[in-house]
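Input: a single structure, listed below in structure tokens.
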Amino acid sequence: MFSNQSKNTIVHLIKDVVKGEKELENLKQSLILQITDNNVSYQTCFLHLAYEKDRITRNDLEIFLQSQQIRFDQREISMFKYTTYQDFLDLMLPNNQIFLKQYQQKQMNYNNPNSDILNIIGKVLGKNIEIIRKIQAYLDALILRFDKSTLLNYLCPKSDKNIPIFLQLLKNLDLDISFEDIICAMRRLDKDQDSDVNRFDWEEFFKCLKPPKSNQTSIGNLQKQINKQQSSKSINRSESRQKTDQENINSNRNVHFSTMKSSTKSLKKSSSIMEESILEFQLHLLTIGKLYEELDQIKLELSSRGDYSISQVFQFFDLDVDGSIGLQDLKLVFLQLGIDVNDFIIRQLIHNYSSHHSQTQWNLIDFKCLFPETKQNLNNYIGAFSYETKKIIKILIQKYLELIRYKKESTHQLGQDMKNIDIIFNFIDLDQDGIITQDDFKVLDIKGKHILLFFQQFQDYPYQITYNQFQKYFI
């Protein structure tokens, strides 16, 4: 019942937990060395965060996280204990007993923590939040595919009494990891500290999951429009073009196709390869233009949301908080949003919207090419998106992916026969000088903005296109 993709999701969850716990341990060891070298104690650090009270409130923690520029939401910080001094020690003390003994020998120091120590404390808390965020993202992705009961039955398999449940799960996943890595994973996943990861432990994580709501009436007119377009299947991009051109034109491209109906009927009756190739290219340009128009509509809807800012979206995608968004970040966020897409399309998405044409990551400048600037004054907003805003973000990403898939499929179909490219180019090149300009495209009776979108894809030749450049577009 569980596909390899679902099993891999669980494997990545466990591996990311192990990796995060190792990084967290290194931060804790750095912290205890800084505390020792500066004659500080954990107690003075606790009192600093608690504002000299006997406990750290949620408001205290949120203020500290904001001062350290660490993003968070309520469900993430609710997943770890921080209130009492003992809770604080459990969060900050390393698990390595050697470091603990060194600390205990020099514990009688009570200077206030300096900025370097507070910075490391912030990193420890941030790493805890990052690990929790990734766990939640993986579980969010799994709960979209399976009901809770089925998923829990797989995560907690029946095993021999002598074999812990978690080890049986690792065996079922064919995941061969070291004993040290198993301890790291259980340190995070074993919520009740009974030396195993059982049903109770997983249910603690599931308590903080927020499955999609069934009521979508508040998403807005945009969502209704997109759903209507998707349900009507505006263009069948994988079936034979010859049989479906007229149907696609009549049902899905009414704005511009009304002037082409009579000519389309004659083209369908004709067996001319030239006419078919030109019609295919016209449909290609019109569809690309229509998809960009839909992207603009979605961006307009998103930019007007009260809880949206482009910096917040960047942080939402930047799961490892390294200032860039890579392939793994996108794969994990797409899983969380319920978007199923292969690595090739994700790499193509990164490449298409990267200022340095990287196929591995985006920076904030690249990200601004995809998402709109906010209309609200929310540049410093920190918090979770509402369900409606997250839904619009998902729709926007899906539209970008649809654009990439369509362009890839359409250009591949047209480029299968080089004669098609020759026919189209020669038809547009009215003066036969081997170069086509925007004026030449008027012969296709296409809107100027659609032509401009096509030319913008040729960065080296923004105003004119040679045959070689035109040919590369389809290959």
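Glycine is treated like the rest: Cβ placed from N, Cα and C.
Note: TrEMBL annotation is automatic and uncurated.
TrEMBL has this to say about the protein:
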type	residues	note
DOMAIN	177-212	domain 'EF-hand'
REGION	226-263	region 'Disordered'
COMPBIAS	226-235	compositional bias 'Low complexity'
COMPBIAS	236-246	compositional bias 'Basic and acidic residues'
COMPBIAS	247-257	compositional bias 'Polar residues'
DOMAIN	312-340	domain 'EF-hand'
DOMAIN	416-451	domain 'EF-hand'
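The average pLDDT the prediction assigns to the domain 'EF-hand' (177-212) is 83. Counting residues 6+ beyond its ends, the domain 'EF-hand' (312-340) has Cβ neighbours under 8 Å at 9, 12, 70-71, 126, 130, 133-134, 136-138, 140-141, 144, 212, 346-347, 349-350, 360-364, 367, 371, 378, 381-383, 385, 390, 393-394, 397-398, 401 in the same chain. Helix first, then strand, then coil: DSSP counts for the domain 'EF-hand' (177-212) stand at 19 helix, 0 strand, 17 coil.
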